[in-house]
Amino acid sequence: MAWIPLLLPLLTLCTGSEASYELTQPPSVSVSPGQTARITCSGDALPKQYAYWYQQKPGQAPVLVIYKDSERPSGIPERFSGSSSGTTVTLTISGVQAEDEADYYCQSADSS
């Protein structure tokens, strides 16, 4: 049974000229194909800001997979979903497929 590593680097995000926020993700998550992967991102600003999730594969540009905490762009499979609770947001990939192996980044942005 193969394991799919989902690599999750720490991302520090500056949102505007006067403020910067640190978002923390776990170093990595590995799951077997068909399992559910839950990737968390924590930061003090998250209750006041929307979270955005990006998938990036080697040699490719990042792809937005979730915006405004839980909205899924057109063309993104339904197995990708997002949720938010307090200072933590979660990207869930249900029924992980081999093609989901990638880096996943969270970003925050003002909700106004």
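Note: Cβ is positioned from N, Cα and C throughout, glycine not excepted.
Quick look at what Swiss-Prot lists:
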type     : residues     : note
SIGNAL   : 1-19         : signal peptide
REGION   : 20-41        : region 'Framework-1'
DOMAIN   : 20-112       : domain 'Ig-like'
DISULFID : CYS41-CYS106 : disulfide bond
REGION   : 42-50        : region 'Complementarity-determining-1'
REGION   : 51-67        : region 'Framework-2'
REGION   : 71-106       : region 'Framework-3'
REGION   : 107-112      : region 'Complementarity-determining-2'
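Take the CB of CYS41 (disulfide bond) and look out to 10 A: across all protein chains shown you find 27 other CB atoms. Of all Cβ atoms in the protein chains displayed, 25 besides its own lie within 10 Å of the Cβ of CYS106 (disulfide bond). Note: the region 'Framework-2' (51-67) comprises 0 helix, 11 strand, 6 coil (DSSP; helix = H, G, I, strand = E, B).
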